[in-house]
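Contents: one structure, followed by commentary.
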Amino acid sequence: MPATEILNRADIVKAPQVRPQPQTEKPSLIGLLREDMAKLLVEKGVPERQVKMRVSQLWHWLYVRGVSDFDQMSNVSKDMREMLKEHFTVARPEIVEEQVSGDGTRKWLLRFPPRGAGRPVEIETVYIPEEGRGTLCISSQVGCTLTCSFCHTGTQKLVRNLTAEEILAQLLLARDRLGDFPERDTPQGAIVPAEGRKITNIVMMGMGEPLYNFDNVKTALLIASDGDGLSLSKRRITLSTSGIVPEIYRTGEEIGVMLAISLHAVNDELRDMLVPINKKYPLKELMEACRAYPGLSNARRITFEYVMLKDVNDSLQDAKELVKLLKGIPAKINLIPFNPWPGTNYQCSDWEQIEAFADFINQAGYASPIRTPRGRDILAACGQLKSESERMRKVDRLAFEAMMIANHGED
């Protein structure tokens, strides 16, 4: 199939021109817990007796109304707004590019300040609309340290952790762009849930390993689930980890969100190759941590993610060992057809084999949905994320277009 025909499968929408924010040392009020916001306000002269009220006002404007300009805070005095503008910011990150897949999936390339990285950094955030729900896939790091052999993000070296502000900014910006705040319009032709919120769920499944950035991820998710602000139910927030065992219990105890494990193999020999962190935290330790996860029940199951790699991990014997491995753990098993990317040596399992694998697991009593590939034409599918600052070589990109899907962006 000619590359031009493949390109027509996706509408690649350039983001509107957004002026980069000038370099500034102003701290952001986004991503601060209430007590930390209160301390900053007191330091800038807000009377103690007013602090609680001022924090409530700011919280409402930032997380209920979704404003990104202090001047929009109409019930805050002019003097207070001027003080806030002088000392703080609530600006959104720069949108470098917005791509819209033929299936309605949206991917944003966002640029953040260097903050120790030496130059501005870029990450990707993905929105996946489905009937009755809309899921936002959020990144926690710029790049990744884990080098999972089947994952495109793993080919990009870790640059730095994202701050709590930058993690939350992905959600705020997506809600801006989708018209998911009060008095905002949904883009014409956008595929979103017919009723209610445009973003109903968030998954920490973007770039990076969330549990290697525990404190910032914790703060961001506690704010996202705060009932007086963004108000996302913790049962609609899923954190995915490759298996950082010491932090798994803390995730349940201190954050309380749903847990997903990037499993992908049923024995240590294969998982050492696919997910190298397994050499440090082997399957026995990982399964023990899962069994001890706070709140684990049939109503709060752990999701195990399993990418289907042809002739690697997709045999019926693998399925039998998977059922044995998870025995006694309330679980759902997401089977993920492998999403190809330039330079990979893996292939996706045949569809008949994926269905046979799923049927065996289902008959053993586990829900085993096959994840429908979304956003492949804009490199937004599971395992395909990689920031534009790590652009693929032109020859790889052209080969990939000819092989399957649209390019990620012109050099």
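Heads up, the Cβ atoms here are built off N, Cα and C, so glycines get one too.
Pulled from Swiss-Prot:
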ACT_SITE  GLU124  active site, proton acceptor
ACT_SITE  CYS382  active site, S-methylcysteine intermediate
BINDING   CYS144, CYS148, CYS151  [4Fe-4S] cluster binding site
BINDING   GLY208, GLU209, SER240, SER262, LEU263, HIS264, ASN339  S-adenosyl-L-methionine binding site
DISULFID  CYS137-CYS382  disulfide bond
DOMAIN    130-379  domain 'Radical SAM core'
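Positions of the features from Swiss-Prot, shown on the structure.
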{"residue": "CYS137", "record": "disulfide bond", "contacts (Cβ under 8 Å, 6+ apart)": "THR125, VAL126, TYR127, ILE128, ILE202, VAL203, MET205, GLY206"}
{"residue": "GLU209", "record": "S-adenosyl-L-methionine binding site", "contacts (Cβ under 8 Å, 6+ apart)": "SER140, GLN141, CYS144, THR145, LEU146, THR241, SER242, ILE244, ILE277"}
{"residue": "SER240", "record": "S-adenosyl-L-methionine binding site", "contacts (Cβ under 8 Å, 6+ apart)": "VAL203, MET204, MET205, PRO210, ALA260, ILE261, SER262, THR303, GLU305"}
{"residue": "LEU263", "record": "S-adenosyl-L-methionine binding site", "contacts (Cβ under 8 Å, 6+ apart)": "ARG271, PHE304, GLU305, TYR306, LEU322"}
In sequence order, the recorded positions (GLU124, GLY208, HIS264, ASN339) whose C-alpha falls within 10 A of CYS151 ([4Fe-4S] cluster binding site): ASN339
CYS148 ([4Fe-4S] cluster binding site) and GLU124 (active site, proton acceptor), Cα-Cα, nearest whole angstrom: 18
Cα distance (Å, whole number) from HIS264 (S-adenosyl-L-methionine binding site) to CYS148 ([4Fe-4S] cluster binding site): 10
